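So that you can see what the record holds, here are the features copied from TrEMBL:
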TRANSMEM  6-31  transmembrane segment
DOMAIN    20-260  domain 'G-protein coupled receptors family 1 profile'
TRANSMEM  38-66  transmembrane segment
TRANSMEM  72-95  transmembrane segment
TRANSMEM  116-138  transmembrane segment
TRANSMEM  158-177  transmembrane segment
TRANSMEM  209-228  transmembrane segment
TRANSMEM  240-262  transmembrane segment
Amino acid sequence: LALNPWDVVLCISGTVISCENAIVVVVIFYTPAFRAPMFLLIGSLATADLLAGLGLILHFAFVYFIPSEAVSLVTVGVLVTSFTASVSSLLTITIDRYLSLYNALTYYSERTVTRTYIMLILTWGASICYGLLPVVGWNCLKEPSTCSIVKPLTKNHLIILSVSFFMVFAVMLQLYVQICKIVCRHAHQIAIQRHFLASSHYVTTRKGIATLAVILGTFASCWLPFSIYCLLGDSSSPALYTYVTLLPATYNSMINPVIYAFRNQEIQKVLWTVCCGCFSSTMPFRSRSPSDV
């Protein structure tokens, strides 16, 4: 096959994604202090994004060096599983943030740990099921007319994935709006109790809204173009449009470690310890609220 520059760009993106998220996975896995529910959810997100990056690399390798229908089904299944798990992990992190504020008094309990494991099982169970569909037979290899913009996925399969994304985005939007309201209300109450100036409440409110805008804005700008095009396009649509909308979706897995992991102070300390020994690796960690991660 002639080398497609878009495939090269996707492969490079997959390499960067894999390196970033591998760092997060290793840090969380080898640090005993990172066994709190919020770190487990961040680890789930990093694992999903790591698999997505590896899937992009394998897809490039198999298309150009080991072309095979069976192999293409497996790589597409890995990509569907990983990206679905990534989006679902973002939803579980949002739910965890909301519950940490809504049920602040009971959040640090065994019930939270149990709920976290249930969310992880549901996230990865549903994602694996989605990924197995093209492998077990729901593909368009035998009926090219049913193909979507992403072969060998069928049009109906991609529609289900797109609708699922819109549902996840709607739930995340609603939860983050509620989180913003709770944070603003708490900041207002603290300002009244401690006789702070009104400007302090304004700064806290503005910071909360800015964080909300960054999280949802990044998520929407990365995934909305591809999700909308999945509903509008079909197998006869130009491949260029697929690449143009798919590439930003992969960038979400590249940005996630920055938003959800590298901004965390405890993870930063471990990274500094590994890089230059600025902190003691045995120092105790005091995890912040998940709403701050």
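Backbone N, Cα and C atoms are what each Cβ position is placed from, and that goes for glycine too.
Keep in mind that TrEMBL annotations are predicted by a computer and have not been checked by a curator.
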Per the Cβ under 8 Å criterion, with at least 6 residues separating them from its ends, the transmembrane segment (209-228) contacts 87, 90, 162, 165-166, 169, 172-173, 176-177, 179-180, 244-246, 248-249, 251-252, 255, 259
Quick check: do the transmembrane segment (38-66) and the transmembrane segment (158-177) share at least 3 Cβ pairs under 8 Å, counting only pairs 6+ apart in sequence? no
Considering the transmembrane segment (116-138), which listed stretch of 6-31, 72-95, 158-177 counts the most C-beta pairs under 8 Å: 72-95
In the domain 'G-protein coupled receptors family 1 profile' (20-260), averaged pLDDT is 86
Any residues 6+ beyond the ends of the transmembrane segment (72-95) with a Cβ under 8 Å from its own? 38, 41-42, 44-45, 47-52, 54-56, 58-59, 62-63, 116, 119-120, 123-124, 126-128, 130-135, 139, 141, 150, 152-153, 161, 164-165, 168, 171-172, 175-176, 219, 223, 249, 252-253, 256, 260, 290, 293
